[in-house]
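Q: First the structure, then my questions, so here it is.
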Amino acid sequence: MAQLCELRRGRALLALVASLLLSGAQVASRELDVHESCGVSKVVGKCRASIPRWWYNITDGSCQPFVYGGCEGNGNNYQSKEECLDKCAGVTENTTDDMARNRNGADSSVLSVPRKQSAEDLSAEIFNYEEYCVPKAVTGPCRAAFPRWYYDTEKNSCISFIYGGCRGNKNSYLSQEACMQHCSGKQMHPFLTPGLKAVILVGLFLMVLILLLGTSMVCLIRVVRRKQERALRTVWSTADDKEQLVKNTCVL
């Protein structure tokens with residue numbers, strides 16, 4: 001009888017553990033689905049089609065149109081605004097964190113939704129002025145039309161341009177305010193503009209060229225002098241020989 005009770009308790013315990021594991025797997029799957037479908041940013045893709053689609057902007061809590069290239073997208077890609085809202089309406093930046101806390105009672109290692117990059121975020125990283133603020137605007141090979149801003153070091157201001165959606169650089173900002181916050185007055189040392197760099201490079205090239213020409217002239221002068229010295233030695237040696245022959249003739 002005691003063995004039967006222990007067997008039943010063991011089965012009940014196994015059933016409870018299996019139920020908890022299944023519940024945890026379902027919650028984790030739901031978190032991942034919400035993150036991939038609503039939490040990530042839009043991806044235009046590398047292809048060059050122009051397909052109108054919708055994506056959920058978790059920061060604004062709204063569905064917004066974009067142009068999809070046709071390949072290598074992600075789950076945050078919907079054919080209509082209604083489909084986007086049905087899937088993601090009400091999802092916020094803290095949704096996945098709240099779900100993780102409810103499951104574990106504390107912060108978990110589930111991927112968090114990326115937030116907008118601010119000036120404080122960049123200051124916490126190793127800020128590379130020449131990487132984030134110096135390069136010229138790059139539209140890229142893709143054919144989307146995203147309004148962006150880049151920092152012009154020669155004008156010390158942010159200028160708007162159209163970003164194609166792929167293969168850009170880090171000097172590309174969503175707003176003029178973000179661009180100015182990141183780059184205006186942030187250089188940590190006297191900065192050389194591209195024009196000044198070109199002048200310096202040309203000057204260095206001319207200095208090296210003059211140095212090489214001067215060295216060549218010195219070597220040429222030395223060679224000429226050596227030849228002249230050898231020629232003079234040859235002349236004097238011939239005259240001495242003639243004089244010695246005359247003396248020998250007189251003696252005979």
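Cβ atoms here come from the backbone N, Cα and C positions, even for glycine.
The disulfide bond annotation in Swiss-Prot covers CYS38-CYS88, CYS47-CYS71, CYS63-CYS84, CYS133-CYS183, CYS142-CYS166, CYS158-CYS179. The feature domain 'BPTI/Kunitz inhibitor 1' is assigned by Swiss-Prot to 38-88. The domain 'BPTI/Kunitz inhibitor 2' annotation in Swiss-Prot covers 133-183 and is backed by sequence analysis. As annotated by Swiss-Prot, N-linked glycosylation site applies to ASN57, ASN94, with the evidence given as sequence analysis. Under the heading topological domain 'Extracellular', Swiss-Prot lists 28-197. The annotation topological domain 'Cytoplasmic' is assigned in Swiss-Prot to 219-252. Taken from Swiss-Prot, the feature transmembrane segment covers 198-218.
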Q: Which three-state DSSP class does CYS179 (disulfide bond) fall into?
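A: DSSP assigns CYS179 (disulfide bond) to helix.
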Q: Just counting, how many other CB atoms are there within 10 A of the CB of CYS47 (disulfide bond)?
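A: Other Cβ atoms within 10 Å of CYS47 (disulfide bond): 16.
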Q: When you measure from the Cβ of CYS166 (disulfide bond), which residues in the chain that are at least 6 apart have a Cβ under 8 Å away?
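A: Residues satisfying the criterion: VAL44, GLY45, LYS46, GLY69, GLY140, PRO141, CYS142.
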Q: Can you work out the mean pLDDT of the predicted model over the domain 'BPTI/Kunitz inhibitor 1' (38-88)?
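A: Its mean pLDDT is 90.
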Q: Cα within 10 Å of CYS183 (disulfide bond): which of the disulfide-bonded residues CYS38, CYS47, CYS158 qualify?
A: CYS158
Q: DSSP three-state call for CYS38 (disulfide bond): helix, strand or coil?
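A: Looking at the DSSP assignment, CYS38 (disulfide bond) belongs to a helix.
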Q: What Cα-Cα separation, expressed in whole Å, is found between CYS84 (disulfide bond) and CYS38 (disulfide bond)?
A: 9
Q: Hey, how far is CYS63 (disulfide bond) from ASN57 (N-linked glycosylation site), Cα to Cα, in Å?
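A: The separation of the Cα atoms works out to 6 Å.
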Q: List which of the disulfide-bonded residues CYS38, CYS47, CYS71, CYS133 have their Cα within 10 Å of the Cα of CYS179 (disulfide bond), in sequence order.
A: CYS133
Q: Return the member of ASN57, CYS71, CYS133 nearest to CYS38 (disulfide bond) in space, with distance defined Cα to Cα and candidates limited to these recorded positions.
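A: Nearest listed residue in space: ASN57.
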Q: I want to check the contact list for CYS71 (disulfide bond): same chain, sequence separation of six or more, C-beta distance under 8 angstroms. What comes out?
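A: GLY45, LYS46, CYS47 - these are the non-local Cβ neighbours of CYS71 (disulfide bond), listed in sequence order.
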Q: Under a three-state reduction of DSSP output, how is CYS142 (disulfide bond) classified: helix, strand, or coil?
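A: SS state of CYS142 (disulfide bond) = coil.
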Q: Is it possible to get the count of other C-beta atoms within 10 angstroms of the C-beta of CYS38 (disulfide bond)?
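A: Step by step: centre on the Cβ of CYS38 (disulfide bond), count other Cβ atoms within 10 Å, giving 24.
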